[in-house]
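Report on the following structure.
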Amino acid sequence: PSWNVKNKDTLKKKEFWYQDAYSEVTRKLLVERNYFLAKNIIFFIGDGMSVPTVTAGRIYEGQLKGIIGERNRLEFEKFEHVGLSKTYCADRQVADSACTASAYLCGAKANYRTIGVSADVKLDDCAAAKKPSNQLSSIAEWALRAHKSAGLVTTTRVTHASPSGLYAHTSNRDFESDFDVKDLGQNPANCPDIADQLVTGEVGKRLRVVLGGGTSKFLPNTVTDKYGKKGQRLDGRNLIDEWKKNKRGRVHTVFDRTELSKINPSRTDYLLGLFNSSHLAYNLDDSIDTPSLSEMTAAAIKVLSNDPAGYFLFVEGGRIDHAHHETKAKKALDETAQFSAAVKRALQMTNPWETLIVVSADHGHTMTINGYPDINNSITGLNSELSDKDNKPFATLSYANGADFEKFFTTNADGKVERVDLTNANIGHKDTIYPHGVPMAEETHGGGDVAVYANGPWAHLFTGVYEQSTLPHLMAYASCIGPGTTYCSLRPRNPYLH
């Protein structure tokens, strides 16, 4: 079918929809299941990428291309195998990025704000988090045990909740540096911080590629990084220097896009890239020589591909979530489009017969697509209709809750509260704060299921509705790694096994 429809009149013809459906049926009938061994796994997480975010992101990207947005498809939406995962924590109905990281990376549900530990560990219980019996092993560790390589890429700090699920065990996601531990009322001697675990932990120190932000968590408070910001650490340690000293082979540290582009991947054994003091800038904001998520993903794949045994790579589009928390919907959708571009880059660089690519989200958000706007109406702008109650315009995108609640309501001369007229509110600007209903310090996560998209060996296993904690076990099965049943342990009579 022709996806790049530009003329709205085309959508009014029944023949178009019939032919569209016939083409889809034919394509479905030609889909084959891939039973090859997954030598490599690339796991993409769009942080906060709810199903409505995917839908709106699809329309946004299509409208940027100049086509009817509803007909567009993000790169991972072209995958044939799609499922839904349930995102709740062991103790919360609506999850955060910490307990979900434990689920989709370590294979077990955990408590709210804890990472890499079982639900026997409660928030801030450092002693329980240090017990080996309470610590969870991640799929990165499973890959390393199978003599594969592992790495991570993120647009957040590399010590943030999602990436730290690969290598850390902590009773509080905010223990990113020893300063954070002390600031939160705990003793750094009893609570190993996340940055330290990345550099000295059994999994963290073996990661071949680490790309993202967060120099502040690695540098002492007496050192200023290249971005003009001082480090946070109280222990005087420079963990970036320690990372380099503890490695053997060809080791590189990079701090901007130019330095990253000069790396020779075939001559790189370990690569650490920290491209900001904190998180990387939004794509729509100005930044100084910052690599895109696609560029970081490409660099990681090139370095990890040096290992003939294969690799596991985690890639996070982390700032989708941050934009939603700020109710800046346009930035969230643009980060989703950037995330899709990174998936496309990975597909171009890998062999679908030996590389399993899984794309999902950790949790949702409260953004919704509402009203009855015209086809291809600007997804980030005002609805094409007015409210049938107050006859005022409203945004197609809105949130259930968020900050600056009062700016959307006013009190008239009669003392009655009414909505602000959004006609001149510049809805659609990159920093527009979108309307919401309940006042909060920041917008919260949503508790809905999130989609899972899979392509490559054993991708058909990812269909249906299942617990989020099933995901790493499915990936491990396809790659013959991990503690559970795998494709290899069942010893099927299959000529494709290699």
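Each Cβ is built from the backbone N, Cα and C atoms, and glycine gets one as well.
Note: TrEMBL annotation is automatic and uncurated.
Per TrEMBL, the features are as follows:
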| type | residues | note |
| --- | --- | --- |
| ACT_SITE | S97 | active site, phosphoserine intermediate |
| BINDING | D47, D321, H325, D362, H363, H445 | Zn(2+) binding site |
| BINDING | D47, H160, S162, E316 | Mg(2+) binding site |
Closest by Cα to H325 (Zn(2+) binding site), out of the recorded positions S97, H160, S162, E316, is S97
Cβ proximity for H160 (Mg(2+) binding site), under 8 A, sequence spacing 6+, ordered by residue number, returns S97, T154, R173, E176, G212, G214, H279, G318
In chain order, residues whose C-beta lies under 8 angstroms from the C-beta of S162 (Mg(2+) binding site), counting only those at least six residues away in the same chain, are I45, D47, S97, T100, A101, T154, T156, E316, G318, D362
Those same-chain residues, other than D47, D321, H325, D362, H363, H445, found with Cβ within 8 Å of the centroid of the Zn(2+)-site Cβ atoms are G48, D96, S97, I320, H324, A361, G364, H365
Counting every protein chain shown, other Cβ atoms within 10 Å of the Cβ of E316 (Mg(2+) binding site) number 30
